[in-house]
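Among the features that TrEMBL reports, ATP binding site is placed at Gly95, Gln96, Thr97, Gly98, Ser99, Gly100, Lys101, Ser102. Residues annotated as domain 'Kinesin motor' in TrEMBL: 6-350. If you look up TrEMBL, you'll see 16-42, 373-396 marked as region 'Disordered'.
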Amino acid sequence: MGGGNNVLVAVRCRPMSEREKEKGASPCVESEDDKMTVTDKASGEQRQFSFDYCYMSSGIASDLPDEQAKIYQVLGTEVLNQAYQGYNVTVMAYGQTGSGKSLTMVGRPSAAGQDCRGLIPRISEGIFNPEVPAGEGMVLAKVELQMLEIYNEQVRDLLAGPGGSSVVKVREDPASGPYVEGLTKHTVLVYEDVCEKLEVGLQARTIAGTKMNAGSSRAHTICQLHITRTNLTSTSRARAIDTSSLINLVDLAGSERVAEAGTADNVVRIKESVNINKSLTALGQCIRALSEGRADSKHVPYRDSQLTWLLKNSLGGNAKTIMVAAVAPGSSEYAETLSTLRYADRMRKVQTAAVVNRRSVATIPVIIEDPAPQPVIEEGDEEASSQGSPRLPICC
Ligand SMILES: Nc1ncnc2c1ncn2[C@@H]1O[C@H](COP(=O)(O)OP(=O)(O)OP(=O)(O)O)[C@@H](O)[C@H]1O
């Protein structure tokens, strides 16, 4: 994945928006293979960047379902392959407001039979899809879902219940790293269960209209899928190896200029904007420190924002990470697009240290309680092990 544990970086350029057209902007982004070039129309200066993948929208509305599917086929299946091996995987969408992050991560409601779902629903479906290679003898034992948003430096549980979101706190475990205390965890047995929860969580997000985007995310949204897989080929429970992985799907709020967003006279929007930009700057500082090889956590300012603290493992720890940088093509957005491409370019130099998460089957909490718990069979205890395979929970 991107050469060892280097962060894999994909860039996606959306079609020209009505707003850019009204401003008289012309296209300033071009792409060929894995290269993306941005041109300053005022000076003619060009900057070229190489990424792992570049996606240019055709601008034809009916092509969107295929474009969404292509991104899943490349990035989504990579996520599933890594998660199936027992790695933690993070996908984060970064870019200026209105550049297409939510479209990439969440998607649009499918209309007229066109499937415009983004990575979050497609990856969720892929987890339960038996066509995805599961590995010899491995079966899915448990899938759990959590959803949160970071709004004005407060972490909120998006699946807290009928009362809407509730405030929760980030804590740090010395061994496994940061986690959110009190965040509700929901067992999901089939893809439809995920859809139901996603719907609730997405509804609870903080979204508002700005001049840059009619449905602008005012918070960073993180969807977490915890997967446990069990090896059923072993007849010895003690020998059965299980893997667990955490898939972190992050739809970051977009960087924005208050004047451009048309929010200068709205104190709530200004406060949101300040907090969004502050946390994205903190993310940029962590990326800078890590790209310069300062992996020692004392020298990486993870604690400067709730976002970077929570993403500590995804940036420099036990995770394989993918960044999707979303950019706008119009010449009016040149400065923001160049800044996003530079950010993404720096991200390519960041290395994480992912390890396969394995644990003994006996320690796994199960979906369906085993009515007659099997005794742990020690290595070499062939007589006991020949009495049959351990009865393990299988949810699909
Ligand atoms: N590749 C694309 N093809 C067609 N339309 C797109 C594409 N990318 C984005 N759009 C449209 O542009 C608008 C803004 O996209 P989106 O809401 O995903 O932006 P965002 O980066 O998540 O913004 P924010 O940070 O403000 O939440 C939406 O109407 C979306 O459907």
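Even glycines carry a Cβ here, placed using N, Cα and C.
Cβ-based neighbour count (10 Å, all protein chains) for Ser99 (ATP binding site) stands at 28.
Tertiary proximity for the region 'Disordered' (16-42) is limited to same-chain residues at least six positions away from its ends with a CB under 8 Å from its CB atoms, namely 48-56, 59, 98, 211-212, 327-334, 337-338, 341. In the predicted model, the domain 'Kinesin motor' (6-350) has a mean pLDDT of 89.
Residues Gly98, Ser99, Gly100, Lys101, taken from the binding-site residues Gln96, Gly98, Ser99, Gly100, Lys101, are distinguished by a CB atom under 6 angstroms from ligand 1. Of all Cβ atoms in the shown protein chains, 29 besides its own fall within 10 Å of the Cβ of Gly95 (ATP binding site). Residue counts for the region 'Disordered' (16-42) under DSSP, helix first, then strand, then coil, are 5 helix, 10 strand, 12 coil.
What surrounds the ATP site, by Cβ distance within 8 Å of the Cβ centroid and not counting Gly95, Gln96, Thr97, Gly98, Ser99, Gly100, Lys101, Ser102, is the set Arg14, Ala93, Asn213, Gly254, Ala326, Ala328 from the same chain. All protein chains included, Gly100 (ATP binding site) registers 24 other Cβ atoms within 10 Å of its own Cβ. Using a 10 Å radius centred on the Cβ of Thr97 (ATP binding site) and all shown protein chains, the other Cβ atoms total 23.
Other C-beta atoms found within 10 angstroms of the C-beta of Ser102 (ATP binding site) number 26, with every protein chain shown included. In the three-state DSSP classification, Lys101 (ATP binding site) falls within a helix.
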